[in-house]
Amino acid sequence: MALQFQLNQTTPQTVTTDCVIVGIYADKTLSPTAKTLDAASGGRITALTARGDLTGKSGTSALLHDLNGVTAPRVLVVGLGEADKFGPGQYIKAVGDAVRALKDAPVTHALLTLSELPVKDRNAAWNIHQAVIAADHAAYRYTATLGTSRKKAAESGLITLAIHGQESSGLTLGQAIAEGVEYARALGNLPPNICTPVYLAETTAHFAATHPGATCEILDESKMEALGMGALLAVARGSANRPRLIVLKWNGGGDARPYVLVGKGITFDTGGVNLKTQGGIEEMKYDMCGGAAVIGTFVAAVKVRLPLNLIVIVPAVENAIDGNAYRPSDVITSMSGKTIEVGNTDAEGRLILCDALTYAERFKPEALIDVATLTGACMIALGRAATGLMTHHDDLANELLTAGEHVHDRAWRLPLWDEYQNLLDSTFADVYNIGGRWGGAITAGCFLSRFTEGQRWAHLDIAGSASNEGKRGMATGRPVGLLTQWLVDRC
């Protein structure tokens, strides 16, 4: 099911549409439009509520047909949950529930009126842009590698979702973020035999080539060797799929210093010589979701034509194993000149990132953010709801946390105290690539901090938030929303 969006200010009871979407709270209070339709239909919605057909519980919905006095042949009533707890998360869930409820209905046009609902500390533009993002997220279906019949069925159905309201800025931003999130999800969900480093580079270059103002440079292995990217290339040694460094640029801010985003692009992670085991390795196609997220953020920024300069860097590498693969106890030299003792080949993300972060210095960033599915330790600490945030800069932390709260793509700050740094000490090199059993997310952040000295830098660990686990799990597209909102706030 695909969606296209528009704004609509027509009176709901007379609008020409296949379905009007309204809400009801758990205490049986109707949304404003539900009240209007109830009055037009002679109290039909109230009667169904009294009979127990409409409970208002979050996650429930009921499709009503042919209400007297209402032009639309269908009215979808969505449960909103408890009114006093109705915040951004509940609003986003309600919109998603509405779209999922229409998946199998014979509907090609629907009017969503949930945008009229009051959401604490949010305005009308927020309601509209979050409605677009939530609806698009709920409508997403993976189809890239399905057989013809299943693909046709999954892609069938185009619904025009008219959102009740007039805040066009909210619609524009919402569509841009939704497109960026979907782009990131599409890349993240591809199997690793298709989404190789070269494929990722070529796909990204095609996007830049077809969007005026965007440019893309691809560095191959020889160029990375000339730059001295010994850490990145060490990880790449064991794979037949050769690495690429993707550099995207958007010049919307004249001569201003750019904001630089770096995303981990491990297209598949076997763990290398420290081979992963069953129960985790099968989800390692998602190890490039950091790269997918910063590319998705770039897509959103280009679509909304943000008036700033943005550079996105993705080290795209496969961590595989053959006779040439790097080993535990190897000492490698990074682009910065720092030497690194390899304690574990499955701690490869920080190795490709450290060279990419060093490369980013040449652009003199206004701020430098890296995004990575870096540590299982972060997932253990925060689960899948929150992205881990680490930085030495309180102002930057507050900017990112505020942006995440605003779009409900939230992060939680973890410390980068000096007490953790000595866990990375090495007898044989300048730094060890692992920090031991405890505080693994933090010591990974500490490792990266050694390659960002003098930079206004933050690290986002999305190991938990980048995907949903299990057989039906998928890439989430996070934190495209957080990053795009952060960039919007800088304009």
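Including glycine, each Cβ sits where the backbone N, Cα and C put it.
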TODO: Look at the Mn(2+) 1 binding annotation in Swiss-Prot, where D346, E348 are given, and name the residue from D255, D269, D425, D430 listed for that site too.
DONE: D269
Open item on the list: Please identify which of D287, D330, D370 is recorded by Swiss-Prot as part of the Mn(2+) 2 site containing K264, D269, E348.
Closed with: D287
Open item on the list: For K264 (Mn(2+) 2 binding site), which of the listed recorded positions (K276, D346, R350) have their CA atom within 10 A of its CA?
Closed with: R350
Task: Conformational class of D287 (Mn(2+) 2 binding site) under the three-state DSSP mapping - done: helix
TODO: Please report how many Å separate the Cα atom of D269 (Mn(2+) 2 binding site) from that of R350 (active site), as a whole number.
DONE: 13
Task: Cβ-based neighbourhood (8 Å from the centroid) of the Mn(2+) 1 site, residues D269, D346, E348 excluded - done: V235, I266, T270, G271, G272, N274, K276, M284, D287, N319, T345, A347, G349
- [ ] Quick one: of D287, D346, E348, R350, which recorded positions lie within 10 angstroms of K276 (active site), measuring between C-alpha atoms? Sequence order, please.
- [x] D346
TODO: Drop a 10 Å sphere on every Cβ of the recorded positions K264, K276, R350 and tell me which sphere holds the fewest other Cβ atoms.
DONE: K276
Task: R350 (active site): secondary structure state under DSSP, collapsed to three categories - done: helix
